[in-house]
Amino acid sequence: MAAVVGVSLKRGFSATALGRVGLQFQACREAQTAAAAAPRIKTFAIYRWDPDKAGDKPRMQTYKVDLNKCGPMVLDALIKIKNEIDSTLTFRRSCREGICGSCAMNINGGNTLACTRRIDTDLGKVSKIYPLPHMYVIKDLVPDLSNFYAQYKSIEPYLKKKDESQEGKQQYLQSIEDREKLDGLYECILCACCSTSCPSYWWNGDKYLGPAVLMQAYRWMIDSRDEFTEERLAKLQDPFSLYRCHTIMNCTQTCPKGLNPGKAIAEIKKMMATYKEKRALA
């Protein structure tokens, strides 16, 4: 310290001036510490409903969280609320990295993943959280995805070969170019954000397969290793499974992975036109 003071004095600074600088620096640090310690209270309004409670009706319940003591994502706030404020709050979550799709929900009016959606730091705004829309609710933020998964199963989302004699004995290879055709399709995590944002799916969810399932159907239709493309197309010929899509494009807008289900559906429609022409000429 003496050496520093000596250098400072040689440059024209007095010991008194140096002392003032030190005091100002200390005051600045104390002010920063005080500012950081000031609570930043954020209000969350969360949909609650417990079917096991007699007479319980859906309602919005508010919780207050100090953002200084919480992670940056909405899922961090939900976990903090469950762990420290209300253990009865129920929601799905797993990977916390936008990979599994478990924590899909409606946050401030848009379907997204709670683990990748940052908390709105405007303390004057209430963050509203609902389960995925137009789905039966099991409890709180947990939607019933039974119909969604049944529809996914119906498209047989796996590689199908007409000659299965070599199954398990050799690899089914494909070119780099054919593999690249699957980009933007295989990344789907089946979170159902797109399907539950689609008005056509709201109206005809029992018959219309929805954007998530149709995009996966297209993924297998264009896989060069699959040999059941025509059979897959034949399953979609009825008026509802495919053709309830009216290109509203909510699906593409809301996809948390940045995929384009609307485009995939349009490609299936083009394939269907060719398929029907081929059948008419047969």
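Cβ atoms are placed via backbone N, Cα and C, with glycine included.
Features reported for this protein in Swiss-Prot:
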TRANSIT   1-30  transit peptide
MOD_RES   Lys53  N6-acetyllysine
DOMAIN    56-135  domain '2Fe-2S ferredoxin-type'
MOD_RES   Lys57  N6-acetyllysine
BINDING   Cys95, Cys100, Cys103, Cys115  [2Fe-2S] cluster binding site
REGION    148-220  region 'Interaction with SDHAF1'
DOMAIN    178-208  domain '4Fe-4S ferredoxin-type'
BINDING   Cys188, Cys191, Cys194, Cys255  [4Fe-4S] cluster binding site
BINDING   Cys198, Cys245, Cys251  [3Fe-4S] cluster binding site
BINDING   Trp203  ubiquinone binding site
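Recorded features from Swiss-Prot, shown on the structure.
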{"residue": "Lys53", "record": "N6-acetyllysine", "Cβ contacts under 8 Å, 6 or more apart": "none"}
{"residue": "Cys95", "record": "[2Fe-2S] cluster binding site", "Cβ contacts under 8 Å, 6 or more apart": "Ser102, Cys115"}
{"residue": "Cys100", "record": "[2Fe-2S] cluster binding site", "Cβ contacts under 8 Å, 6 or more apart": "Ser94, Ile189"}
{"residue": "Cys103", "record": "[2Fe-2S] cluster binding site", "Cβ contacts under 8 Å, 6 or more apart": "Leu75, Leu78, Phe91, Arg92, Arg93, Ser94, Arg96, Leu113, Ala114, Cys115"}
{"residue": "Cys188", "record": "[4Fe-4S] cluster binding site", "Cβ contacts under 8 Å, 6 or more apart": "Ala212, Met215, Gln216, Arg219, Lys257, Leu259"}
{"residue": "Cys198", "record": "[3Fe-4S] cluster binding site", "Cβ contacts under 8 Å, 6 or more apart": "Gly210, Pro211, Ile248, Asn250, Cys251"}
{"residue": "Trp203", "record": "ubiquinone binding site", "Cβ contacts under 8 Å, 6 or more apart": "Arg244"}
{"residue": "Cys255", "record": "[4Fe-4S] cluster binding site", "Cβ contacts under 8 Å, 6 or more apart": "Cys193, Cys194, Pro261"}
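Taking the centre of the Cβ atoms of Cys198, Cys245, Cys251 as the [3Fe-4S] cluster site, the nearby residues of that chain (Cβ within 8 Å, site residues left out) are Cys194, Ser195, Ser197, Ser200, Tyr201, Gly210, Pro211, Leu214, His246, Thr247, Ile248, Met249, Asn250, Pro261, Gly262, Ile265. Helix, strand and coil counts from DSSP across the region 'Interaction with SDHAF1' (148-220) read 32 helix, 0 strand, 41 coil. The [4Fe-4S] cluster site is set by Cys188, Cys191, Cys194, Cys255; from the centre of their CB atoms, other residues of the chain with a CB within 8 Å are Gly101, Ile189, Leu190, Ala192, Cys193, Ser195, Pro211, Ala212, Met215, Cys251, Thr254, Pro256, Lys257, Leu259, Pro261.
Under 8 Å, Cβ to Cβ, and six or more positions away along its own chain, Cys191 ([4Fe-4S] cluster binding site) finds Gly101, Ser102, Ala104, Leu113, Ala212, Pro256. Lys57 (N6-acetyllysine) sits 34 Å from Cys245 ([3Fe-4S] cluster binding site), counting Cα to Cα.
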